[in-house]
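Novice: Below you'll find the structure I mean.
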Amino acid sequence: METAPKPGRDVPPKKDRLQTKKKKPRRYWEEETTLTAAGASPGPPGSKKRNRELRPERPKNANITKKSRISRKPHLPKKPRERRNLEPQRSVSGAQDPFPGPAPVPVEVARKFRRIDKSKKLPHSKSKTRSRLEVAEAEEEEISIKAARSELLLAEEPGFLEGEDGENTAKISQADIVEAVDIASAAKHFDLNLRQFGPYRLNYSPTGRHVAFGGRRGHVATLDWVTKRLMCEINVMEAVRDIRFLHSEALLAVAQNRWLHIYDNQGIELHCIRRCDRVTRLEFLPFHFLLATASETGFLTYLDVSVGKIVAALNARAGRLDVMTKNPYNAVIHLGHSNGIVSLWSPAMKEPLAKILCHRGGVRAVAVDSTGTYMATSGLDHQLKIFDLRGTFQPLSARTLPQGAGHLAFSQRGLLAAGMGDVVNIWAGQGKASPPSLEQPYLTHRLSGHVHGLHFCPFEDVLGVGHNGGITSMLVPGAAEPNFDGLESNPYRSQKQRQEWEVKALLEKVPAELICLDPRALAEVDVISLEQEKKERIERLGYDPEAKAPFQPKPKQKGRSSTASLVKRKRKVMDEEHRDKVRQSLEQQPQKKEKAAKPLRARPSALDRFVR
């Protein structure tokens, strides 16, 4: 009969219990391998275990306290690390990447985003400046490659209206286009019947989400035309000649019969600028925060809306100013005059930058494309002309219209719209960088009243037309840029995002003095003007202040660099330089005539000192 073991029997002693260690479970990254001769066993990656045999044994009689910092390990020279052959990265499944490394970028695509011309050699300058230029070139190259790679993420592509074989697209009506497109695009075509307050002028916000329009009889309204939500609607009880959004849809500038007024998006009047009176046309420069106004008195006025100060008031000396537009590329204002001349203005100059004789009669309308390359003008001689603004100012093409165009507008993709009476004609070119072809119109639309204002909506294939009967939104396929920059003009931004963008735009505001015909010239040095200014300064001062650097004494030790000792050393050097200058001036002066020869004597006398 078996009996249960008594407690304390057949139980291993405590010493043996410590010797028997519990076997650790094997992890999935460990392989079942036999122990090597050194006794090492594979462990998890990054394990801190080391081979015990490689460690030097601690002597038994060594008395080392815990606070001792003396290392008893033998000092062995470090072996240089061997470079391992980097194998191609493998995925989780173990398959090898068939396309290792970054994707190659075509040179033509990267060249489109490059701004630095590598054909020009770097100037011979100091090593520090040269290294900075090389770093800037490397950064520009890297940014252009990143932009070329991110171009694949632009899902939207521009598309034009194409007719069947032999079909003229100008005969396709807006009803046919609305019937062929999807529901969301068809909702962008609408008519607002506002005959009692017309004719109307309109303007779209920089993001293209909101539209503001003002009638000749005082009606002013802003509308979210995508959702058809009315933001504000007021009647100013006097004629409205022009209307413009400022840097955002929260502020609105209205040129009324007497003065210029600023309203917010709720229709509340914020400012009344009485120095800008009898304003006929408005233009806003977003990167400079300047509001340009043209008046009946012939003055072109620039108002800085960030500080509320008039930057410049220029007299054009050409009578009433009723034709004005801006160049989006260089922020130069183009004014059309009654003598057929278009003048280009900058707030930094009191005289026009250039004058272009465009027509034999008065200029009725002027428009400049988004790239700043081409300018379209129309005059009383019923001529529509396209000019090249790249330094030549020569007409590229011209067309005689049966009725002169009173209003012109360019789209983001280079389409040109012209309002002639109650008809709107649109001409298209080969692409964004090519001028529009005036041979055959791309689209034609007839309105219920005479055209009074044209403006293409940014980032939407929509043309807004203001006329006597109200507002019309036309569908123009291929007119706008299909992809927008969310950090620059985001139509779906929230109020917080708009506020942050305003702060960033104010910090990056461009001074008004930098507006010129060629913005690329700002990064270059005008050597001729610099030498002329240097000569004038030398003539005015009488010496060259940059000829030699002023003496700067070196610091010395043991208290010899006190203020008094430094001043003494400087004065000593200045005195020596002054003596050298006096000595040189005396040498250059003509020598004085020698005195009359004295009678020679055999022996000198002591009384000769009193002889004069």
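Glycine too: its Cβ is placed from the backbone N, Cα and C atoms.
So TrEMBL has the following annotated:
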- 1-105: region 'Disordered' (REGION)
- 7-19: compositional bias 'Basic and acidic residues' (COMPBIAS)
- 66-82: compositional bias 'Basic residues' (COMPBIAS)
- 116-135: region 'Disordered' (REGION)
- 116-130: compositional bias 'Basic residues' (COMPBIAS)
- 356-390: repeat 'WD' (REPEAT)
- 441-519: domain 'BING4 C-terminal' (DOMAIN)
- 539-612: region 'Disordered' (REGION)
- 573-597: compositional bias 'Basic and acidic residues' (COMPBIAS)
Novice: Can you work out the mean pLDDT of the predicted model over the repeat 'WD' (356-390)?
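Specialist: It averages 94.
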Novice: With DSSP helix as H/G/I and strand as E/B, how many residues of the domain 'BING4 C-terminal' (441-519) fall in helix, strand and coil?
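Specialist: Tallying H, G and I as helix, E and B as strand, the rest coil: 17 helix, 22 strand, 40 coil.
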Novice: Summarise the repeat 'WD' (356-390) as counts of helix, strand and coil residues per DSSP.
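Specialist: Counting residues by DSSP class gives 0 helix, 20 strand, 15 coil.
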